[in-house]
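Peer 1: One structure, as structure tokens, below. Some questions next.
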Amino acid sequence: MLRKYPVAVLVVVTVLLAGFVGLSNYRPVNLYYSVTFTQSPAENSDVTFTFDENKDFASSSIQSAKVTQSQVTIHLDPLNDDSHTLTIAVDGTDAQVGSFVAHTNVRGRFDRVMRSIPGSELQRKVDGDRTVFSLTEAQINDVIKASQRKSETKIGLLMLIGVVFVIILGKLTLFRRLPKRYYAAGWIVLGMVYAFLYRLWIVKQGLGPGLYPYRRAITILLALLLALMAVDYIVGVRGNLLAKRLMCAGSYLAIIGYVVYQFGMYTKYLGGFPDEQAHLSYIAFLSKDHAIIPDFAHMRIYPFAGDNALDFAGATQFNYLGHPPLYYRIMNLLGGLHVAGDQVTFNLGGLRTISFIIGLLGLLVVFYIGLTRIAPIPLLHLLFGIIVIAPVNLVYGLSGLSNDSLLLLTVSIYSLGIIRFFERRYDWKTFLLIAVGVSFTVLTKLTGGMLVVVMSVLVIAYTLIVEHNAKALMRPAFYATTPVYLLPIAYFAGLYAKFHTIQPGYANVAYAEYVTSAMYTPNDKRDGGMLMVDVVQSFIEKFLGTWYAVTGHVPVPRPDMKVYDITTIGVILVFFVPLTVFFFAKSRAQRYLSLAAASVLIVLIYEFIGVAKSYYFNGRFGGYSSRYFLCAIVFFALAILWMISRHLTAGERPVGDRGIARSAGDLTDGPAALVGDVKADDAQPGSIGAKAHAAIARHGAHAAVAPDAAGTGQGSDPDHARLTRLGTAIVLGLILLLFMDGFIYSFLYQADQLPGFHNIPA
């Protein structure tokens, strides 16, 4: 019977269990007794509720409260919930009761009436200077039975039976072919989503009428994400190639829309951005200093003269930025600043929008890389996009005035060039992308410049020493782009000749002011010092804190947040997991990703040395921000996608719709082969078999060599690549985790603790 009609048996058992629970009585919880007076005693008058005497704990038989706004309420002591008598004594002789109500209540918000008795049905008598009201035994019994019938315990059990019924029914019907472990994992995730929504709507407080409905916004965003995940999955499983590609592009468009939404939220409610006044002053300074190399020695941070002007003549301090001027020249050119005497006027909202658009162009380049280098598996593209924006300071940094916007664009351009170089596309486009990326990056910010320069040196060394392929570099296409490199060389040569440094700053340009600033602590005011191991630990903690939490002008309170917390661990893994690429099986893709990881580690070590020197010699523990590495977010995202593709895909490896002939040792590479279009005469496949090389020549730019167990070099259409069941489960989980760990948990979920949300109407 059970095997033949499992659904029918399930329904019968569920009905019987639900009926038994529904007809049973359970001890009430969260029960309150309230008395409302029609003729009220004095405010704050004492009221005493007396129950059956408890011989072993006599004081528990009496509960007291005070009259507030013609009402008195007690939280019924569970020791008294089976009492058969109740008297209510109140000060004064003229009190009249309107009603007696037994009800459940949780935190003053969820109130449900169990039993209500009109005041006229209560017994009343005057005893000296007090009025006493009594419930009969029958009335008390009615209250007890009603409370037991409607107990929250019963509701909880019925809900549990319903959930178990749905879980089992789903496994017997819609998901009967899905392995139990994945089915169970899905329900665990749904349980976590429910727990989050419960806390959001039940525990968290709304902001009030007219203010931003952040709880509704979070719920809508989560629902939209789940819907997008479902559509991506369905199209990925059932859709044709065109549908898959359109869905991949649609996922990126949805993420762009989400980024634009975040921009609006940050600029409206957070109240400022890190160093924004210094960046704005730099832009304003260039309105009167038109030299190629700015006069950093006389560049100041100017005070505001109202909301839309800076005062050149006001009390100022040295502008400590010292960055190369490319970003600031662009902003000065496009920003519409106007100098009138000692003031410069501007539209801050317009400047922020221009800066954000520059950063958005960088994101578009990153998403172009993902769209053209990852197979048409919609869920992988959605994960790639979510990884890119998961570190909350990425979009936050793009939303204010900061050269990080241009830095993201230039490093992304450079990354596209390096990927093309990896694909052996040694044409003028590749070398121009690299040249523009390197030159414009070092003309934007030196930390980003160090990343691309170190990566370039490592790639050149790998190409010459490991691959023995000097011809890849000694090409007319490379020679034609060398003049681009003269731009940063000329700038830094002139800068060094003028200031004897390539990074003008407080200490080397305005030392007298530097030693009195917050960036320097006099020796007699410094702390007791730290061991080097303490400096390392503090650096790691503070560095990671700027990776998973909003770090800037206005602190976003997260007192319960830890590095290993579920609300941060996903974003933390975005930084750490790509750095494990060194331990994967060797291949050309693995080596290039390892070069990128090595570049990050080298710059990270350089940053730590700077922090340690600042602490020991200048008394300031600063300069530890992890946002300096967000410009290279495309590396972190591609590395994670490459790792997933190697172990969590089935069929053909998801190398994307653009392929490249690879060496025989690379035939196990997945999407992370970072492949792209290649022409047969451009490729230099080295030792690859003739069949593989012929395949590219035969199928043109869109051919791909998919890995095969035999290692022959032959493979099927890479567009048939798909995630395994385990891969699908992991990717879905990562998407949800990273979505929550980013903007939601780090900012929007904290809206009730941020002043901007309380002060600015929606």
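The count begins at 1 with the first shown residue.
A Cβ is built for glycine as well, from the same backbone N, Cα and C atoms used for every other residue.
What TrEMBL records for this protein is below:
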| type | residues | note |
| --- | --- | --- |
| TRANSMEM | 155-175 | transmembrane segment |
| TRANSMEM | 182-202 | transmembrane segment |
| TRANSMEM | 214-234 | transmembrane segment |
| TRANSMEM | 246-264 | transmembrane segment |
| TRANSMEM | 353-371 | transmembrane segment |
| TRANSMEM | 405-422 | transmembrane segment |
| TRANSMEM | 442-465 | transmembrane segment |
| TRANSMEM | 477-497 | transmembrane segment |
| TRANSMEM | 566-585 | transmembrane segment |
| TRANSMEM | 592-612 | transmembrane segment |
| TRANSMEM | 624-644 | transmembrane segment |
| TRANSMEM | 726-748 | transmembrane segment |
Peer 1: Considering only the recorded stretches 405-422, 477-497, 592-612, state which has the highest number of Cβ pairs under 8 Å to the transmembrane segment (624-644).
Peer 2: 592-612
Peer 1: Is it the case that the transmembrane segment (592-612) and the transmembrane segment (566-585) have 3 or more CB pairs under 8 Å, with pairs at least 6 apart in sequence?
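Peer 2: Counting Cβ pairs under 8 Å (6 or more apart in sequence), the transmembrane segment (592-612) reaches the transmembrane segment (566-585), since there are 3 or more.
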Peer 1: For the transmembrane segment (214-234), could you work out the same-chain residues 6 or more beyond its ends whose Cβ comes under 8 Å from its Cβ atoms?
Peer 2: 193, 197, 200-201, 204, 206-207, 247, 251, 254, 258, 378-379, 381-382, 728, 732, 735-736, 739-740, 744, 748-749, 751-752, 757
Peer 1: Same chain, outside the transmembrane segment (726-748) by at least 6, Cβ under 8 Å from its Cβ: which residues?
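Peer 2: Non-local partners: 182, 185-186, 189, 193, 196, 214, 217-218, 221-222, 225-226, 229, 233, 258, 262, 265-266, 270, 379-380, 382-383, 386-387, 389-392, 395-396, 548-550, 556, 558, 566-571, 574, 644, 647-650.
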